[in-house]
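Chemist: I'd like to ask you about the structure that follows.
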Amino acid sequence: MSNEEDIPLYIDEPSRHSELTLSLLPDPAKQTPLTCIFNFVNSTLGSGVLTLPYVFFLLGYILAPIVSICFSLLALASFYMLASAAKYTNRYQYSTICDKLFKTKFAGIVCSLLQIIFIQGALISYIVVIKDNMWFFTPEQKLYRDLTVSGLILFIVLPLTFLRTLNKLKFTSYLIIFVFIYIIAALIIFNVQNDTPGQVVAFNVNFSSLTAISLSIHSYSSQYNFINLFYELKQREKNIHKVIITNQIIVTSIYLTVGFLGYFCYKNQVKPDILSNFQGSVLAKIANFSMIFFMIIHYPLPVYGMRKAVESFIVKKNREASNFFRILIATLIVSISLVIGIFVNSIDNIIDFSSTIAGGGLGFIYPPLLLAIICKREQRTKLFVGCIIQLIIGISLVLTGFVSVCFKWFGSQ
């Protein structure tokens, strides 16, 4: 049988001639497909969903959904690539997969650092979102607002970050859909009632529009936690396809719905955080409370991903961190993001750089790179070419996003 026959993106295992050897790794298999889907959706939907109307403003209501769907398809392919790399190496962290495939540990260290930078940036943006939605505090009551945010994070969120597995966060993930159903319903009502002046455009192509790339990278960068979800999924090979496809359908549908409704409601006055456009109606206040609630139940998932990345530096391969280190690492992650987030006033200040470089690298460069190495060793030529094409696309997106962000920050000064 030829090595160049058509094969699925998902590589099941090394060939008998492969240089890789499988290690003994305990299989937790604790998440049902339904639980994994909800945790996956919860991992993906973050502060990025609030920027989608602004992306529509930057690109136009025809070009924006095209770009969003393209990013969704790239993310879809990257998930399959990561699943292939994880199963092939029997490693379930970015750094340990890199250690197995590269001759040097440098690639794994860089990957872990990117993971930490991206997640920390996202966590800081969540603090900003929580602050922005506390409409009941006046500017003069900033101290009380910050103390309230600190209390919510330290006494409600922090204990949830100590959990050993993602499966135990399933109940918080189940609630996320109800939050976004309400926000979408509120946007529909606002569209009916709204008389905001302005205009919408179908296509908006200029240099400033390239900023939408960094925001889109952020919105579709849940690869940081995908390997953890894959590791805990029951019957991985059987269920991973339905988990990935269902997640992408749900997430992309929510993104496009919020993008269309938010842009057509507030037109060219839409802000980077759509909830900043909401005024003091009862519906708006409920939406603010809903977003605070969402950020609280979402927060532990990225902390889990970052905690695992940090643990990979200090814990031996295929070993679990002790309770002491697990709690210590989670506490440091949450505390650092809280302190920085208190002093940051806009989410795009954070995600512009953390998402473009770190999120783009994790989501759209490393997955095709890892699978390309495997394909080369296994002599899967056609799949290798596909990986190289996606790798070039990923590098181009990251570089373009970085240049546009630099121009946004420094070009106008």
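From the backbone N, Cα and C atoms, a Cβ is placed for every residue, glycine too.
These came from TrEMBL, pasted as-is:
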{"type": "DOMAIN", "residues": "31-401", "note": "domain 'Amino acid transporter transmembrane'"}
{"type": "TRANSMEM", "residues": "54-85", "note": "transmembrane segment"}
{"type": "TRANSMEM", "residues": "106-127", "note": "transmembrane segment"}
{"type": "TRANSMEM", "residues": "147-166", "note": "transmembrane segment"}
{"type": "TRANSMEM", "residues": "173-192", "note": "transmembrane segment"}
{"type": "TRANSMEM", "residues": "243-266", "note": "transmembrane segment"}
{"type": "TRANSMEM", "residues": "286-304", "note": "transmembrane segment"}
{"type": "TRANSMEM", "residues": "324-344", "note": "transmembrane segment"}
{"type": "TRANSMEM", "residues": "350-371", "note": "transmembrane segment"}
{"type": "TRANSMEM", "residues": "383-410", "note": "transmembrane segment"}
Chemist: Establish whether the number of Cβ pairs under 8 Å between the transmembrane segment (324-344) and the transmembrane segment (54-85) reaches at least three, counting only pairs separated by 6 or more residues.
Modeler: no
Chemist: Is the transmembrane segment (243-266) packed against any residues at least 6 beyond its ends, judged by a Cβ distance under 8 Å, and which are they?
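Modeler: Distant Cβ neighbours of the transmembrane segment (243-266) are 33, 36-37, 40-41, 44-45, 49-50, 52-57, 61, 64-65, 68-69, 72, 75-76, 79-80, 83, 180, 183-184, 187-188, 190-191, 194, 196, 198, 200, 219-220, 229, 233, 274, 277.
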Chemist: Should the transmembrane segment (383-410) and the transmembrane segment (54-85) be scored as in contact, given a threshold of at least 3 Cβ pairs under 8 Å and pairs 6 or more apart?
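Modeler: They do touch: at least three Cβ pairs between the two stretches lie under 8 Å.
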Chemist: Flag the pair the transmembrane segment (286-304) / the transmembrane segment (54-85) as in contact if three or more Cβ pairs fall under 8 Å (sequence separation 6 or more).
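Modeler: No, these stretches are not in contact.
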Chemist: Same chain only, please: residues at least 6 beyond the ends of the transmembrane segment (54-85) with a C-beta under 8 Å from a C-beta of the stretch. Say none if there are none.
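Modeler: Same-chain residues near the transmembrane segment (54-85) but 6 or more away: 9-11, 97, 101, 200-205, 208-209, 211-212, 215-217, 219-223, 226-227, 230, 236, 240, 244-245, 248, 251-252, 255-256, 259-260, 262-264, 267-268, 270-274, 363-364, 367-368, 370-371, 374, 387, 390, 393-394.
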Chemist: Other than its close neighbours in sequence, what residues sit by the transmembrane segment (173-192), given a CB gap under 8 Å and a spacing of at least six beyond its ends?
Modeler: 35, 38-39, 41-42, 45, 49, 254, 257-258, 261-262, 264-265, 274, 278, 283-284, 286-287, 290-291, 293-294, 297-298, 301
